[in-house]
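The structure appears right after this line, and notes come after that.
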Amino acid sequence: MSTSSGSEPDAGAATAASSAGGGLGAITIATVVSGGIGYVILALVPRVIAEPAALLQFTTFWSVLYLLVASLSGLQQEVARATRAGGGEGTGALPRLTLSLAAATTALVAITSPIWTPLVAPRQPVAVAAALIVALVGYLGIASLSGVFYGLRLWKAVATTTIIDAVLRLIAVGLALATSAGPAGVAWAVAAPFPVALAITWLLFRGRVQGRYTLDVSTRELVANTAKTLGGTVALGVLTSGLPFLLDLAPTTQPESVVAALIAVVNLTRAPLVIPFLALQGWLMVLFRDRPGDRTRLLWTMLGGLALLSLVLAGAAYLVEPAILGALWNNKYVVDGPTGAAIVLTASLTAAMCISGPAAIAAKRHGHYLAGWVTAAAASVVLLFLPLPLVERALVAMAVGPLLGVSIHAWSLRRPSTSLLD
């Protein structure tokens with residue numbers, strides 16, 4: 001990795017940038033396919049599931065699952081940062097760490113299932129909890145393997161994994177909904193693609209990674225860095241996939257139909273901005289890692305482009321979103337134009353954190369990465385309990401928390417690497 005600190009990247013950085021640029025095409029295609037499939041699922045489910053109570057059960061399971069998936073994505077980020085091409089000495093630490101996280105996750109889900117299963121599937125709690133465990137263990141395998149793919153710049157492998165998982169999920173969920181499978185059946189349809197995609201990807205690409213990579217940190221450093229990164233991605237999960245779950249838990253006097261409408265619109269409206277940047281976490285981390293001299297400039301350039309994009313999308317949401325959602329969901333789950341535009345703008349702040357976070361990790365500011373996400377999540381959760389109407393309270397929470405988080409990440413790049421936080 002280049003250590004140049006000048007304004008012009010050296011030859012190694014230029015080569016890395018070229019490789020990352022080539023990878024962006026493959027990952028962008030995979031992200032469009034995967035994000036589009038997720039978007040189709042989130043758009044069609046409210047149309048198929050007519051009852052607000054049943055819709056809340058589905059959105060709550062989806063939210064809990066992807067809250068935990070986002071939380072565990074820190075493993076992928078740290079593995080991507082630490083992986084280099086090499087002879088593979090000492091890489092046994094990675095499978096041991098992955099298996100340890102799988103065991104801890106299984107225990108956590110099993111212990112907490114009496115708390116959340118009544119919200120998702122009160123009649124089939126064991127089946128739904130088992131589905132969640134299978135999904136998360138499968139995802140941990142994907143995160144570990146994909147982290148190695150990212151670190152070695154095996155962009156085709158990354159893209160293939162993403163597409164396989166998404167396509168399998170679309171098929172499974174479509175069949176579950178078409179056959180009225182019930183909450184447990186839908187939960188398994190959402191969960192099963194994770195381990196299946198892992199198995200297929202391993203069979204396709206194991207020859208590209210077995211004995212061909214090394215880690216740039218000791219086992220102790222890998223565990224410590226992963227712990228900090230996981231702490232940050234837990235908070236990331238709260239602000240992204242976990243938000244609908246929190247909205248469902250937040251106190252309100254509004255009827256169930258209003259809460260279901262807000263959650264459905266938040267899910268669908270935030271997705272075009274947040275999901276792509278979540279999917280690009282590994283790619284962004286590698287890009288920032290390999291461009292140390294350009295890191296700050298790249299960050300602000302990306303944030304500026306995101307700001308312009310969000311203004312365009314907010315304008316579109318203001319003008320046409322109520323009509324589109326009304327037609328899509330038979331006027332059952334709709335918000336007005338200003339609310340739709342505001343949701344888009346708050347989503348752009350969360351997306352900004354998905355850019356600033358990888359920059360902080362690439363600079364080995366793991367403590368600042370953690371502090372930014374934890375501060376953002378804590379502020380958002382607290383603000384969800386303000387004595388305001390539900391919609392206004394949600395918008396304040398979705399805006400203030402991420403703004404604080406981006407500020408901490410950006411500030412960290414101006415701090416020396418010897419900071420106590422890191």
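Here, residue 1 is simply the first one shown, and the rest follow in order.
Glycine is no exception: its Cβ is also placed from the backbone N, Cα and C atoms.
Marked as region 'Disordered' by TrEMBL: 1-20.
As annotated by TrEMBL, transmembrane segment applies to 21-42 (among others). Among residues of the same chain six or more beyond the transmembrane segment (21-42), those with a C-beta under 8 A of the stretch's C-beta atoms are 62, 153, 155-156, 158-160, 162-163, 165-167, 169-170, 173, 264, 267-268, 271-272, 275-276, 279-280, 283, 286.
Under the heading transmembrane segment, TrEMBL lists 54-75 (among others). Beyond its flanks by at least six residues, the transmembrane segment (54-75) meets 42, 45-46, 97-98, 101, 105, 109, 116, 119-121, 128, 132, 135-136, 139-140, 143-144, 147, 183, 186-187, 190-191, 226, 229-234, 236-238, 240-245, 248, 256, 259-260, 263-264, 267, 278, 281 of its own chain at Cβ-Cβ distances under 8 Å.
The transmembrane segment annotation in TrEMBL covers 96-116 (among others).
What TrEMBL records for 128-150 (among others) is transmembrane segment. Sequence-distant neighbours of the transmembrane segment (128-150) (same chain, 6+ residues past either end, Cβ-Cβ under 8 Å): 61, 64-65, 68-69, 72-73, 75-80, 83, 94-95, 97-98, 101-102, 105-106, 109-110, 113, 117, 120-121, 157-158, 161, 165, 183-184, 187-188, 190-192, 194-198, 201-202, 205, 209, 213, 282-283, 285-286.
TrEMBL lists 157-179 (among others) with the feature transmembrane segment.
The transmembrane segment feature in TrEMBL is assigned to 185-205 (among others). Counting only same-chain residues 6+ beyond the ends of the transmembrane segment (185-205), those with a CB under 8 A from a CB of the stretch are 58, 61-62, 65, 120-121, 127-128, 131-132, 134-139, 141-142, 145, 149, 154, 157, 160-161, 164-166, 168-169, 172-173, 175-177, 179.
Among the features that TrEMBL reports, transmembrane segment is placed at 226-247 (among others). Sequence-distant neighbours of the transmembrane segment (226-247) (same chain, 6+ residues past either end, Cβ-Cβ under 8 Å): 59-60, 62-75, 77-79, 97, 259, 262-263, 266-267, 270, 274, 278, 350, 353-354, 357, 361, 366-367, 369-370, 372-374, 376-378, 380-381, 384, 390, 394, 398, 401-402, 405.
TrEMBL lists 259-286 (among others) with the feature transmembrane segment.
Taken from TrEMBL, the feature transmembrane segment covers 298-320 (among others). Through the fold, the transmembrane segment (298-320) approaches residues 269, 272-273, 287-288, 291, 337-338, 340-345, 347-348, 351-352, 355-356, 359, 406, 410, 413 of its own chain, all at least 6 residues removed from its boundaries and within a Cβ separation under 8 Å.
Here TrEMBL flags 340-363 (among others) as transmembrane segment.
Same-chain neighbours of the transmembrane segment (370-388): 228-229, 231-236, 238-239, 243, 246-247, 250-251, 353, 356-357, 360, 394, 396-398, 400-409, 412, 421, counting only residues six or more beyond its ends whose CB sits under 8 Å from a CB of the stretch. Taken from TrEMBL, the feature transmembrane segment applies to 370-388 (among others).
Here TrEMBL flags 394-413 (among others) as transmembrane segment.
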In terms of Cβ proximity under 8 Å, which residues at least six beyond the ends of the transmembrane segment (394-413) contact it? 239, 243, 247, 250, 262, 266, 295-296, 299, 303, 339, 342-343, 345-347, 349-350, 352-353, 356-357, 359-360, 363, 365, 368-369, 371-373, 375-381, 383-384, 386, 388, 419, 421
Report, as numbers and ranges, every residue of the chain located at least six residues beyond the transmembrane segment (157-179) whose Cβ falls under 8 Å of a Cβ in that stretch; write 'none' if there are none. 23, 26-27, 29-31, 33-34, 37-38, 40-41, 44-45, 48-49, 142, 145-146, 149-150, 185-186, 188-190, 192-194, 196-197, 200-201, 204-205, 208, 279, 282-283
